[in-house]
Every structure is written in structure tokens, then in C-alpha cells.
Amino acid sequence: MAGRTMQAARCPTDELSLSNCAVVNEKDFQSGQHVMVRTSPNHKYIFTLRTHPSVVPGCIAFSLPQRKWAGLSIGQDIEVALYSFDKAKQCIGTMTIEIDFLQKKNIDSNPYDTDKMAAEFIQQFNNQAFSVGQQLVFSFNDKLFGLLVKDIEAMDPSILKGEPASGKRQKIEVGLVVGNSQVAFEKAENSSLNLIGKAKTKENRQSIINPDWNFEKMGIGGLDKEFSDIFRRAFASRVFPPEIVEQMGCKHVKGILLYGPPGCGKTLLARQIGKMLNAREPKVVNGPEILNKYVGESEANIRKLFADAEEEQRRLGANSGLHIIIFDEIDAICKQRGSMAGSTGVHDTVVNQLLSKIDGVEQLNNILVIGMTNRPDLIDEALLRPGRLEVKMEIGLPDEKGRLQILHIHTARMRGHQLLSADVDIKELAVETKNFSGAELEGLVRAAQSTAMNRHIKASTKVEVDMEKAESLQVTRGDFLASLENDIKPAFGTNQEDYASYIMNGIIKWGDPVTRVLDDGELLVQQTKNSDRTPLVSVLLEGPPHSGKTALAAKIAEESNFPFIKICSPDKMIGFSETAKCQAMKKIFDDAYKSQLSCVVVDDIERLLDYVPIGPRFSNLVLQALLVLLKKAPPQGRKLLIIGTTSRKDVLQEMEMLNAFSTTIHVPNIATGEQLLEALELLGNFKDKERTTIAQQVKGKKVWIGIKKLLMLIEMSLQMDPEYRVRKFLALMREEGASPLDFD
């Protein structure tokens, strides 16, 4: 049918303006027909028609969105012709529609189910014409939405013929909505509309992970496992498209607690997590900064941290970006409630405020709180439950592989500029630096650099750099080894000075009893290293005073080559209260649990217990603490050897402490003249002739003297003139009650 000229008019009713139809008088066209409206030779628009008596014959009425789309003005003359669809090619298979609230004042954050929307759309607009770029108004759940047709695909012609689908889909500009057309809704850019359900397009999401990051660039070494665990627990759900997460009913992890010894990379890891993510810059807060002298200000500071996240969630709902808040030293503000002295309860209300913000009545799903501490025991337990800081990750001392990575990172610049000597073997350094934290390894590299630089400084009246030699500056293996020996000692390692004083005179193997003690000690060391069934091995060396128990314990510890050796000795706790003693002992054991292999020597147990026979008196608090620590197994994957020493086995028996040790080894005194002569020969203080004289007096006789006391007597007698030495030594032996020696 040839076209006719008609005049554009305003849509007569609001109801008709929601129908997406052009409205005519029934004298002109019939309801349900389709027309092509031509506004110029190159601009054609297809509309479906409805009739209404209030429209003047010769006029065609359009709604405001239709007039906008077709560029029509009221009263404009346009050419209108009937249009018929080719059902084989122009039935809509799928149509993508951009959706947003029609009026900004009606915005809300309620979720809208796209499946229900699609069903309503097909019902309202069945058998209607749609074109790419068309604008229309859609009413759903008493809300008005503005729609824009983005893309149309024709239905597979095979389906229309009742045959199996051929999989061919063709893009078309104009199509007809039929009962089995599919509609996919796409949220308009910057819209706060919250769409749920399957009938929505997959949004072009920016990955939250930065594409160009790697561990070495981040300066993190030795934390691969920890990082992958954090990623699995905290970020895996955020990488997936929101619609899949929504279908699973999955909630994102909101909090991570990183804990472990100082200098192992907690702060570094948290800082780099922020860089790894394509999120906004994280807010980094030092725990004590939150506190304020004014009432209520501390709580307000917590609220300010979460204000941006709350505002964005209110505006964008599920599509809000990720907000990261990092609390360094979180134990400063999140101590156990009720543990702080004073009547103000400021700390308690700060904890309460933080608890309610992370997971309170109004839940935020767009935050990630990272807390760091080396005292996780101080933190309120309500903060550690799932839904709050639920991922608890220990950032412990790096193993050999981790130390290798860390040293690689800290020497990378030197290697790049050829300042690292060829004789430096990073693998060797990684083996030698047992129980070094990341910060201590960085300190080692710094110390080696300063040693190398020091070689090129002229030692004169002025401090000058020898520029000729400075050009050839190289950090050598010797620099690293010197720094390892003199400058950097690991906090959780073995300080040789601790036990060197106990074995400064060496171990005098005066007989089988000493050899047996050392052999048994070696067996226990091997058991600790190799046995999976006994991660905790404890041994008590008991014997009379001055028999060398502490020296033997220190020797067994030294020979073990464990990376962590500590001596818990009463001489370091002089004047301590009972509570302070318990805390000092607990700290030594807690530090030991952080190392893969540890040895703790508990020296002179009866002195630790404040035992005196008069009364008798002892500290029950220290006794109970020690009993618990002796029996407590180390964490999984860690092994601990405890060596105790005592001169009062009978007292420990009464206190029921002997049962706390796996085994007991007796360390005897020198008991025979032959053993005494063997000890004198090994010490080498007396000449052969002098020893022969002593032998005549002691051979075949019983003696009873500790090796420590023997050393003291020998040193005293050596202060005499040579001819009186032997006489003095034998006299001292007799005075000590070592034996009833008869001599002239």
C-alpha cells in the first residue's frame, strides 16, 4: 500500500504512552497493524499501532520517548505506510535492552528480578515492532524504567519450521517480538539499578586483579603459600562475575587477620594486596591513631573509615567497588573487652563500633578489612568469628626456599648493576640464615653493603671516599659472612653467647657415664628431628650439684644444630614476681613454637621454683606453668626438644614433675680414683710426675666429686708453687670430703 501523509500528535493518555505503540483513529488504520514512518528519505521508523477515538483522523500520536527517538515534533507532517514483517527472517530471537530508572528521584537499591522483568516485557509488548536504538518506557512493579534497545538477533529459522536448531543467529535492525523471544537486560552505565536473575547480560567487568603484578616486583618472598591461601579465601569469590556469586548465594570474606613474629612481612603483604587489586587505594590506619582524647571521637573515627563504603553500597548496591581498610597493630584498639582498667570503657566501645561496622545489622558487602598484629591472643574473640576477620593467616619465619626468594629480591638491584661479586652464593646464604625473618635478611644485605662500602673509605683525618676504588665496588661473600658473624643475629635464632658461657671449659669425658649422657642426648635430638609421632621430646638431666649437668645440656643443644636454641635460666629472672616469671617462661616457649625445630634448656628447675627445704617453700604458680609448658605439644609441623636440669630429683618427684618429662638421665659425680686420673689427664694441668704422685694416693680408692668442683680445686692448687701443688690439691680434696685420702 502506498504511503500517506499524516500529522504527528501527542499521545492522548499516559496508559497508551506505556504501550510503545503509535496511536491512530480507527478510521485510518486497525489496531495491531505495523507502519513505517518516514521523516526524511533516509530516516525510517517502524511502529506498531493502537487505535483510540480521541485521536483526530489524519493524525498519528506518539509518546515522548518515541518522538525523541524519531526526532518528531508535534504537528510535523510525516509519511506513513503499512509495513509487514517477514516471519521467517524478522522474528526476534534475543534482544538486549539497556535499562535505568526513568526519573532519578525514584532511585532505590532494591533488587529487581530480570527473569520476572523479561516475562512481563514479553507479555506487555507481544507482537510489537522493535528497532535497534529505540527508546521506550516500561512499567514494572509500579516503577517506571527507561529502556533503550541495544541489539537484536533474529530467531533461528529452523525453529520456526519445527526443525532442530541449526545454531545460526543473524543480527537484524528491526524485528517482531513473539511469545518465545528472549530479552536480556543490561544496566545503563553509572546506573545504581540493582539487577538480579539470569535474564541480564554479563557486565563488562574490570578484573579486580591487576594484570601486571608478580611476587618479585611486589617485593614479597617466601609467602607463596600464605598468599595463595589468602587469595583462595578472600579474593576468589570477588574475581567471579557477580551473577554467578549471586546464584551460589555466596557472601564475600570481609576480613583477614595476619599475625606472626615481627619482621616477617605482615605490613608488606597488606600494603601489596592493595597494589595487586584494581581497587581504590586502601585506607591504612595505625591502631593507636584511632584513639582520641574526646568522648565519642574514637568511635567516630571508626565510622569515618567505613563512611565511603556505606555511601557507595547505598548508591550502587551489589556493583559497588571494593574498599580495603588496613589496620596496623590492631591489638591496640581491639583488646579483649573488659580487660582494660579504668571506668571509661573507651576501648570496649571502639571494639563494639568496629564489630557492628564489619558485620552488624546493616551489612556491608563491599569491604575488606585487613588487621595485623604479633599478639593475636590479645584480640577480642568476637572480632575473629566468621563474617568478621574470619581468615586468620600466620605469617611465620620463612623456610629455606622463602629465604632464597627474599635474598633474591634484596640483591636484585646489585645483581642488575654488577655490584654483587661472583663468589656470592645466595643458596649458601639461605642455608646459613636459619630462622632469619624477612626484615633480618634485609638487614643482613644492608650490613654486607656497608661492610663493602667501608673498604673504600679513606682512613685519614677527614672522612673521604676513595673514588678510584669506589668505581670497582663489589659486595663479596666475605662481606655477607662477616655480617652474619658480627652484625645480624636472628631474634628467633640461636645466640651462641647464651650457651657458650656454660661450656667455656669444654666437655671432659672422664668416663663412660659422660659418654652415655651425650650419646643418649644425641639419640633424643635425632628422635626430635625424625619422628612424626613425637613432636615434643623432653629429657631431665638429674644428678648431684657440680656434676656438669648444665654444661652437658648446653652441649647437647649446641650439637643438635637446631635453628632455635634458648636457655631458660633463673639468673635471667632475679627479682621477678611469680607472674613475671611465668610470662618470661611462656614467651620463651611461644618463640620456640614459631621455629620449625627448637630446643629449650630449662636450667636449675628448683631455683626457678624458688624451692628452699626450710619450710619447705616453693612457687606453686611457676610449678603449674612449667608443668603445662613441659606437656604442651608444639603446633602442627613444629618440633621441640626440652632439656631440664636439676640437683633435687627427690623434690621434683614429690611435686609430680618427673612424669612431665619423657625420660630422665642420671649425671653422676666422679666416683673412682681411675675416673679422677682420667679427668686430670684430659685437663692437662698437672705434669706426668705430679699425676703419678696423685695416682699413688687415689688409685683403687673411692672419691665423690663433681667435675665443676674438681676444676675449681685444680685452679686453686695451681696458684701454689710447683712443689706444693699436689699436696695442696690432695688437701683440698680431703677438705671437700671427696675421700679420706691419707698422705704425709
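Going from the start of the chain as shown, residues are counted 1 onward.
Glycine is no exception: its Cβ is also placed from the backbone N, Cα and C atoms.
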From the candidates LYS105, LYS171, LYS200, the one which Swiss-Prot records as N6-acetyllysine: LYS105
Run through SER109, SER207, SER547 and tell me the one Swiss-Prot describes as phosphoserine. SER207
What Swiss-Prot calls phosphotyrosine, among TYR259, TYR502, TYR593, TYR611, is TYR259
Closest of TYR259, ASN505, SER547, THR550, ALA551 to LYS105 (N6-acetyllysine), Cα positions, recorded positions only: TYR259
Taking residues ASN505, GLY506, ILE507, ILE508, LYS509, TRP510, PRO545, HIS546, SER547, GLY548, LYS549, THR550, ALA551, LEU552, which bind ATP in the record, the widest Cα spacing (Å, whole number): 18
Would you mind ranking the recorded positions LYS105, LYS509 by how many other Cβ atoms sit within 10 Å of each Cβ and giving me the lowest? LYS105
Across all chains shown, how many C-beta atoms besides its own are within 10 angstroms of the C-beta of THR550 (Mg(2+) binding site)? 22
Three-class DSSP assignment, LYS509 (ATP binding site), comes back as coil
Residue, out of the recorded positions ASN505, SER547, SER569, whose Cβ gathers the largest set of other Cβ atoms within 10 Å: SER547
In Å, rounded, how far does the Cα of ALA551 (ATP binding site) sit from the Cα of SER569 (phosphoserine)? 13
Cα separation, SER569 (phosphoserine) to THR550 (Mg(2+) binding site) (Å, whole number): 10
